[in-house]
Each structure stands twice: as structure tokens, then as C-alpha cells.
Amino acid sequence: MTVPPRLAVLLAAVLLLGGLSAWAVVHAAARAESRGLPRAGEPAAGPGAVTLATGQGRRMLFRTMAWGPHRDEVVSVPADDPGGPRVSSGVRCLRFHASSGTGACLQAEHGPLGDTYRAVVLDARLRERRAFPLAGIPTRTRVSPSGRMAAWTVFVSGDSYAGTNFSTRTSILDTRTWSLQDNLETYRVLKDGRPYHAADVNLWGVTFADDGHFWVTLATGGRTWLARGDVAARTLTTVRQNVECPSLSPDGTRIAFKKRVPGLPEDAPWRLYVLDLRTMRETPVAERRSVDDQAVWLDARTLGYALPGDFGADIWTAPADGSGAPRRLLSAALAPVVVE
Amino acid sequence: MYLADSRDAPAAVPQRGRRWAAVPGTVLALGAVSLITDVSAEMVTAVLPLYLVSGLGLSPLGFGLLDGVYNGVGALVRLAGGHLADGGGGRHKAVAVAGYGLSALCKPLLLVAHTLPLIGAVLALDRTGKGLRTAPRDALISLATPPERRGQAFGVHRAMDTAGALCGPVLAFLVLGVAAEGYDAVFTVSACVAALGVLVLVLFVPGRSGGVGAAGSATPSGPLRAPALLRMPGLPRLAACAVLLGLTTVSDSFVYLLLQRRFEVPAQWFPLLPLGTAAAFLLLAVPAGAVADLIGRRRLFLLGHLALLVAYGLVLAVPGGPLPAVVAVLVLHGAFYAATDGVLAAAVAGVVPDAMRARGLALVGTGQALARFACSIGFGAAWTVWGDGPALALATAGLAVSTPIAIAALRPSACSPAGPSACPSRHRTS
């Protein structure tokens, strides 16, 4: 071939491939735009006052994933009418949790070179008190029962060709002093009673017992442990194997968690369990599907957790004692929390 | 430092006045192919975590456990690629097309793979393509370039390659900026870009390498099989040194992890650390290649490891790591790649005859990759037993011992100007 025909082939290919690329982008952009419009059959949402203040009735706050102008905003519904109209706050969060008038919101900021993420501490009226930059994609957040401490976990991604090395980074913040422990991996680890360090230690899913103590998942060497954390002593002590995403009950006696059960498919390996901390006995929850979420306690006896749904995720609920059957509580919703 | 290259070269290719003009068209074409392919590959790499977590709602933890297996397979595929490419009088282009093509086919597969195991399989296939194409591509670069300009030619190629790697994420996030959550659009654009790369390879890279290698390459003597490679003067020592130094080269992931842990790098900067290394590599690759042509490739290869030694030393010795120290470590890390990656290929090309070029490159490249993999395992184990600081101190000590050994081993004693007969000649009949 001489040069002109080669260039002609190249030009034709550039036009064809460029056209295909442009079509794909335009198509995806149109789809993204349609997500901003409400659709029939979805829970409706309208703006209003959303607060974390007590004494305003029992209600649920969560991230709505329903299409429309309020998509991804924190919304509120009465606890006794979860299917009712959603009051939206105008605050967009990927992950959300709240306790005693303090909210933690992990949100994305859209920039020209991709999204960046930040953790925002909210006051009782969901106004920003302070924000902290995040190192990766948000996955979990929790506020301590008193509202003083906040914790979050992000995914930090690989850095090589077709990189598939994912790790987590978990931070704890004291909202009274604003002192941030940026990386819990700097804590001293006691595994099976002995000091332990390894490059592959990952921590995720903090749940607070009080302002000085918490539970968290510790992973190393392809296994996971439930670890007890001490903020002042900066120590992590492993307690039990095969526990992920712990969630402490309001009375502090039980931990709901996801457990890797042998024989399940590699991409859906978990079942929801509850561990009694006094007897160290595990009880399977009635949910038979694989749950990949840090469950929340909706009250002393009931768990809430996310499962994939038509609009990203739905919130399901099941009794913590293993009785009953799972029930869908909220559609197109993520990260629920009960406020009284 | 000995490099026999320049003696025979002038006969092969007419000298031109300007250095830049001396970069052959084939090298620029292969550089363009790598640039385009890396734009495509890094588009996917950049959005993959977001896609898994936000798009598919998966928890990708532990996904990296299979990385080592993939790397091992990739290394073996690389040997096979080199072997296939040298067979039948030079099928470099055909094997390279197969490798680039395989990776290109993986991009549309991402549109239909929605579970972690499937996505992992697609990525493994993508890496197989990368392993297959590396040796024939580097052989084509070396065969198209007169020996005394190979350092520069590989430098130009690596710079173009890295430029593509830096542009990919930008393009991917531009697409996501226009189309929120448009991961399918990113994969489609990536597939189109990859197809364009294969097309440029097919159209603009000559099948029988033009330039120097075109006149056919006789083998020095007898049938050449893999053991013959190891009897080739210069190659075993070069390979041994690459492996020795590879055994003390801590993987990139560990370097960034150490920077995060030992230096006070603000969290939002973490994603920028690899970019720092890449930017330094991009800027230094061409000058480093040109310097290698002047002072000797092996000498620069060793200097690169000295730069790495200084980088390790900085991480160990500067507690708390102020910003200038972070920048210095990243620049030295990038300089290490600029002084070793293409330069090693150029050095290998200098001692392996044309007919075995791809096999020789694959052998040394694989040896180095496996050595680095072994180092990663050892480093992780040392970290577990002693902690991150002692592990790095151990690696630094290993590098400090290996580098002088390599300097001694690669000293041009047998091939000094006084005894050129002992040196491998170019083995070219043209």
C-alpha cells in the first residue's frame, strides 16, 4: 500500500470509530439527563425542612435514589409511613448517618478531572459544620451515639495497568476538638493476643460503642476479623474471625454483621448474622440473599439493610433474632437512619 | 563502557544531521500505537474502581489477591510472545497485532461483564494481550533503529506510551463529566480508541521490519534455541543483573503505600502519587535514552538503580516527609523508570542477534518481572514480621549491595576496547 490509501483507510476508521464513540456518549448523556426527571411509580419527593432535632416525631432519614430533581438527596419520611411522600433536604450524600443531632455525609464534588470526595459534618439542621477531603470512593460512615465522634471508610484504588488492588482507608473524627485520626491502620494491632503488623491490613465499617470505643472489620491475608478499637490507646484487638461490617445494637449487647458463608457464589458470598456479645453465639437473620451492607438497627429488635433494586438499591428489614421474614421497607433508598 | 554498536551501524543506515530526525518512522508508529492503546487502557483503569463501587454496587476488596497469579501468567505469556515472534523468520508484527487485538477485544467485553469474577477474567485476558505484545514490539523498535540510537528510540517510545497513560484518565473523566454514570460510554470509547491503535499498527508498522533489520538476519551459528540465548556473550550477565536488581526493587504499590504511611501526604493527594512518577518518567525518558546512547546503556541502567536507592533512603531518613521530600521521591522514582525501562531493552538488543531479538527481550523482561514479583512477596512478608520501616531498610540494603555487584558484573573487562574480539558483534550480514 502506498501512503494515500493507508491514510484514507485511517481517516475512514477515525470517522467511524469517532462517530460510534460520540453516539455512545450522547446516548449516555441523554440517559443521565432523564434521571433528573421523576418517573411514574417512584416515590415522590418535594423540598421541605429536614432536621436531626429530637422531639419532632419518629422518622427515617436516608439517601433517596429515585429519579428526579432530588435524586441522591437526604430525605425524611415518618417512621410509621415509610412509603409516604419524601421531604428532601437539598443535601446530596453518597453515604449518610446521624445520631444525637450530628450528621455525617460523604459526598462527591464534580470537577473537570473527575469526582473528588469529602466528608461533611452536619448540624441538626443539616448545615455544613466542617468538611474533610477524602482519599477515595466513600463506602461506610457512622456517628457515635452521643453525636461527638464520626468515622468513615473509603476505597483507595490500585495504581497500575489494569490495576485491581483495592484497599480501604478508615478515619475517625472528634467533632468536639476536630482532631482527625486519618488512618486507623496506624493503630497498634493485637491479633490473637499478639502484636501484629502487615502491609495488607485493611480496616472498614466502624460502629461506635461510645465516644472512646468502637468495633471494626480488620482484614489481612484474605481473612476478616471483628476487632475492638480504643480511640485513646490507639489499639485494635481482634475478637472473632469472619465478621464484616459490624453494627452494634442500641443496647450494646449484639452485633449485626455480614458473614462469608462457604459454598456461596464468589460474587455474592455473604449472609446477615447477629452475634450476641455475652454468649458469643451467632444467629442467622431470616434474609436468604447475599447482603453487602453495614446493617442499621431501626430499633432494639429490627435490622435494616440495602439490597440491589430497580433504582440502585432498596432498604429491607428483618427481625434481629432470626425470626420472621424479610420485608421491603423503602424503595429506591440507601443508608437509612432512625431519628426520634 | 563497551558497546560494540557503533562499529557496524554506519554501514546500515545513513547518518542524518539532526538527532531527532534519526528516530525511525517505525518507532514513531509503534509509539503512536502504544500511546493510543494506553489512552484506551488507562480510561478503563481510571474508572474501574468507581464503576465497581458506584456503578455495580460491589465491594471490590480482596479483588487484588489474584494479581500475583495474573502477573505470573503474564510473564509466561511474554516468553511465548517472544518465542512466537522470532519463529519463521520474524513474525513480530503478527504477534504484536494478536496481542494488541486481544486487549482491544476485552474493552467491549466489559460492557457485558457485570460480576467480579467475570470482570477479573476480562482483565486477565487483557493482560495476556499485553504480555504477548511486549517482546515483539520492543524487537520491532530495536530492529528498525540503528544500534547507536536505540536508547533514544526506546526513550521516545516509552515517553509516548506514558503520555497516553496520562491522557487516558483525563478522557475518561471528560466522558463521565458529559454523561454522569456513563461507564458504558467510557468502555465504548475505550474500545474504539483501542481499535484505532490496532489499525495504526496494521497500517503503519512494516511487517518485515524496515531499516536496519530488513536485509534479513543471519544467525551467528547453528540452530538457535532458548539455551543458545544463555550462551550468548553478554546476555546471561545482563539478565542476571536485571534479576538481581529486580529482587530488590519494591513494587510501585508498596512505594505509594510507604509514602502514605511514613510521609504526611494529605489524603486527597493519594491518587496523584502515581501521576508524579509517570510525569517524571514522561519528561525524562527521551533525555535518558539519549544519555544512554552517549555514556552506555548499562551504566545508565545502574545509575537508575542508584536513583532508586536515594529515593528509598529519603523515605527512610526523612521522618514526616515534607512536600519537597515527597516530590523528590516521585521524581527519583520516575527517573529510575526512565533510566531502566527502555534502556534495558536497548542494552539487551545490543547483545542479541536480530533473529533472536524478541526471545532475548522476553527472557530478560520476564526474569526482571518475576524477580520483582518475588521481591513483592518477600517485602510483604518482611513487613508482616518486622514492620514497614525495617522492610524498606532491608530492601534498601539489598539494593545497596546488588548495585555494586551489578556494576562489577557489567564492567566491560572482557569487552574493553583493548579486546574487542571478545565482544559480541552485531551479527548482521547486510
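Here the Cβ of each residue, glycine as well, is placed from N, Cα and C on the backbone.
Annotated domain 'Major facilitator superfamily (MFS) profile' per TrEMBL: B:26-415, in sequence order.
Annotated transmembrane segment per TrEMBL: B:20-39 (among others), in sequence order. Outside the transmembrane segment (B:20-39) by six or more residues, the chain places 100, 103-104, 137, 140-141, 144-146, 149, 152-153, 156-157, 159-165, 167-168, 171, 193-194, 196-198, 200-201, 204-206, 209-211 with a CB less than 8 A from a CB of the stretch.
Annotation comment: TrEMBL describes B:46-66 (among others) as transmembrane segment.
Here TrEMBL flags B:108-125 (among others) as transmembrane segment.
According to TrEMBL, the feature transmembrane segment maps to B:159-179 (among others).
For B:185-205 (among others), the entry in TrEMBL reads transmembrane segment.
Positions annotated as transmembrane segment by TrEMBL: B:238-257 (among others). Residues 230, 270, 273-274, 277, 298, 301, 305, 308, 311-312, 315, 329, 333, 344, 347-348, 351, 363-364, 367-372, 374-376, 378-380, 388, 392, 395, 398-399, 402-403, 405-406, 409-410 of the same chain sit 6 or more residues outside the transmembrane segment (B:238-257) yet have a Cβ under 8 Å from a Cβ within it.
Residues 151-152, 155-156, 158-159, 162-163, 165-166, 252, 256, 259-260, 300, 304, 326-327, 330-335, 337-339, 341-343 of the same chain lie 6 or more positions beyond the ends of the transmembrane segment (B:269-288) yet place their CB under 8 Å from a CB of it. According to TrEMBL, the feature transmembrane segment maps to B:269-288 (among others).
Annotation comment: TrEMBL describes B:300-319 (among others) as transmembrane segment.
Long-range neighbours of the transmembrane segment (B:325-349) within the same chain, counting only residues 6 or more positions beyond its ends whose Cβ lies under 8 Å from a Cβ of the stretch, are 138-139, 141-142, 147, 150-151, 153-155, 157-158, 235, 238, 242, 255, 259, 263, 265, 273, 276-285, 287-289, 292-293, 297-298, 300-301, 303-305, 307-308, 310-311, 314-315, 318, 357, 360-361, 364-365, 368. Per TrEMBL, the feature transmembrane segment maps to B:325-349 (among others).
Sequence annotations record features per position, and here TrEMBL assigns transmembrane segment to B:361-385 (among others). Residues 68, 71-72, 74-76, 78-79, 81-83, 134-135, 138-139, 142, 226, 229, 235, 238-239, 242-251, 253-254, 344-345, 348-349, 352, 391, 394-395 of the same chain lie 6+ residues outside the transmembrane segment (B:361-385) yet bring a C-beta within less than 8 angstroms of a C-beta in it.
The feature transmembrane segment is assigned by TrEMBL to B:391-410 (among others).
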